[in-house]
Amino acid sequence: MRKIILCSPRGFCAGVIRAIQTVEVALEKWGRPIYVKHEIVHNRHVVDKLREKGAIFIEDLQEVPRNSRVIFSAHGVPPSVREEAEERGLIAIDATCGLVTKVHSAVKMYAKKGYHIILIGKRKHVEIIGIRGEAPDQITVVENIAEVEALPFSAQDPLFYVTQTTLSMDDAADIVAALKARYPRIFTLPSSSICYATQNRQGALRNILPQVDFVYVIGDTQSSNSNRLREVAERRGVTARLVNHPDEVTEEILQYSGNIGITAGASTPEDVVQACLMKLQELIPDLSIEMDLFVEEDTVFQLPKEL
């Protein structure tokens, strides 16, 4: 019988849960409005629900009245934003994911030691903008192997590399290999800076790909890790669609006769996954559902001390 194979783990990670709860608890404690620098996570369902509760999402701190509370999103901010918040008398609450903070700390430490940092990631992504702000004159962002080949440093220069936490493990591995080939002495962290949730969701998806011929990745188009999941499937020759609403699950699926894989990005609510699953079962009523467990997750991050 044809079936849906549902990846596990999928959806919310510990950093996303912490960020959302930070906004919710702040609203409960202090009432509306609570200002949030950037979307707290990259999913419009989450953002819309928090906006209904009284969160106001802004990009410029000038939009925040003096002496108000402002929450920094899970993606992190550059030091200049923290300084501006302090100068304007804002009460800052930091919802930056702890794994992103770890990368910030490493960059600061190695920059102070005199290293030039190679930052692997999407240069326009808010996480990369935040990390780069730690030492802008000592950081070069690279997105691909061609940019590695164009780097101006010598093999003897003191270099250190880290990655955006939500990259494709496949792409990151290729870029790192190119870096190490050019710069055998380059340093990095003892463990990957791609976060555990990104690795687990990509691993869970890779695990089911030999069994399916179509994959739905439930997630927002703005979500880096959701887009990377789609690319993981496509890189292995499996058709994949990134959808964020059941209306986007269309009759296109009727063209495919094999099993269907479903996963979800780290900022995707489970109720959206279930709604897409129901739509799929309406289109193909005789589908069975099988859960494929890749690894159990039990990571929990504490809320900011202000809460």
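Cβ coordinates come from backbone N, Cα and C, glycine included.
Cβ neighbours within 10 Å of C97 ([4Fe-4S] cluster binding site), excluding its own Cβ and spanning all shown chains: 26. Taken residue by residue with DSSP, C97 ([4Fe-4S] cluster binding site) is part of neither helix nor strand, so it is coil. Under the heading [4Fe-4S] cluster binding site, Swiss-Prot lists C13, C97, C195.
The dimethylallyl diphosphate binding site annotation in Swiss-Prot covers H42, H75, H125, S223, S224, N225, S267. Cβ neighbours within 10 Å of S224 (dimethylallyl diphosphate binding site), excluding its own Cβ and spanning all shown chains: 26. S224 (dimethylallyl diphosphate binding site) falls within a helical segment according to DSSP.
The annotation (2E)-4-hydroxy-3-methylbut-2-enyl diphosphate binding site is assigned in Swiss-Prot to H42, H75, H125, T165, S223, S224, N225, S267 on the grounds of sequence analysis. Annotation note: H42 (dimethylallyl diphosphate binding site) sits in a coil segment as assigned by DSSP.
What Swiss-Prot lists as isopentenyl diphosphate binding site is H42, H75, H125, S223, S224, N225, S267. Counting only same-chain residues at least 6 apart in sequence, those with a Cβ under 8 Å from the Cβ of H125 (dimethylallyl diphosphate binding site) are H75, Q164, S224.
In the three-state DSSP assignment, the secondary structure recorded for E127 (active site, proton donor) is helix. Sequence annotations record features per position, and here Swiss-Prot assigns active site, proton donor to E127.
Ranked by how many other Cβ atoms sit within 10 Å of their Cβ, the binding-site residues T165, S223, N225, S267 place S223 at the bottom. When the CA atoms are compared, no binding-site residues among the candidates C13, C195, N225, S267 lie within 10 A of E127 (active site, proton donor).
Taking only the Cα positions, the spacing between C13 ([4Fe-4S] cluster binding site) and S267 (dimethylallyl diphosphate binding site) is 7 angstrom. The distance from the Cα of N225 (dimethylallyl diphosphate binding site) to the Cα of T165 ((2E)-4-hydroxy-3-methylbut-2-enyl diphosphate binding site) comes to 9 Å. Measuring Cα to Cα from T165 ((2E)-4-hydroxy-3-methylbut-2-enyl diphosphate binding site), the binding-site residues that fall within 10 Å are C195, out of H42, C195, S223, S267.
For H75 (dimethylallyl diphosphate binding site), the count of additional Cβ atoms within 10 Å of its Cβ stands at 28 [all protein chains shown].
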